[in-house]
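Below: the structure, in structure tokens.
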Amino acid sequence: MHTLTLTRPDDWHLHLRDGEALAAVAAYSAREFARAIVMPNLKPPVTTVVQAAAYRERILAALPPGGPAFEPLMTLYLTDNTPPAEIDRVAESGFVHALKLYPAGATTNSDAGVTSLSGCLPTLTRMAELGVPLLVHGEVTDPQIDVFDREAVFIDTVLQPLLAELPTLRVVMEHITTRQAAEFVLAAPDNIAATVTPQHMLMNRNALFTGGLRPHHYCLPVLKREEHRAAIARAVTSGSTRFFLGTDSAPHARHAKEAACGCAGIFSAHAALPLYAEAFEDAGALDRLEAFASFNGPDFYRLPRNTGTVTLKREEWTVPASLPYGNDTLVPLRAGETLRWQLAG
């Protein structure tokens, strides 16, 4: 197969940052995707519909003039103090589509995250009543729990009790990384879904250490053993409608990654579709890429599927060693390496 044409896809988990960083990266996503669920973990975080409206305008202003149409789908950052009334405003807004749960301290800019779900129960109950999805960074932050086990422990100790309390809450497990998460979603009712990144389909934790410490392969949740990567790939390419594309593309300046205490996050927006195509091709499931990239997400979010198309061609190209990022540079996933697929045109 030399070309592959897909209904124009969406990215259901994206970090666009703000200011100069936003201006540097927005066009990459707009080139490949019609829409994206935009993460709210700015400094300060986006916690209200009013703040989300202002951020949405900044995103639209950062898109290159004359470029492809791109719709940012906004989210709010759930805090211990998010009132149920804000959920009503979300449901009425037409442009805020979900709330994001960051356990406090779990990832980049998560200090304002939730310290106890029990304190959020009235707000979560209102979300369940109105059908507003909760997007979950599914890791516990207890320092006694091994970093490689934090997703599995989260499912057992946080997510399952929450769903026992609120069984109709619509939940997206973001960037799943473990066999346990894949099995949980496959066995769960239709109100539970998951996004999957290209790196968690393509790489295991060896990629962090091959030839030395590889900071540009460090993200959270961290890459796992090969058995988990393989389980994720099997689930995603199985034909289940409960898994959909979410890059978690997360730009950081090169100096912030190559540091004594480097930031977590992998930038993949420059080549997201080629990376996913490689993963699906490796699994012998290219015929299932379109549903994962273009159908399952809008169906879960109760949004119309896109009508345009994008075409990939199977032609090798070399990923640049770095990309401009304001006054700095960033190192993209597969920097300096060869990819098999690229966007046509």
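A Cβ is built for glycine as well, from the same backbone N, Cα and C atoms used for every other residue.
Same-site candidate for substrate binding, as annotated by Swiss-Prot with HIS15, LEU16, ARG17, ASN41, HIS137, LEU220, ALA264, chosen from HIS2, HIS252, HIS255: HIS252. In Swiss-Prot, the Zn(2+) 1 site is described by HIS13, HIS15, LYS100, and among ASP190, ASP248, ASP282, ASP287 the residue recorded at this site is ASP248. Among the binding-site residues HIS13, HIS15, ARG17, ASN41, HIS252, ALA264, the ones whose Cα is located within 10 Å of the Cα of HIS175 (Zn(2+) 2 binding site) are HIS13.
Secondary structure at HIS252 (substrate binding site), as computed by DSSP, is coil. Within 10 Å of the C-beta of ASN41 (substrate binding site) we count 22 further C-beta atoms, all protein chains included.
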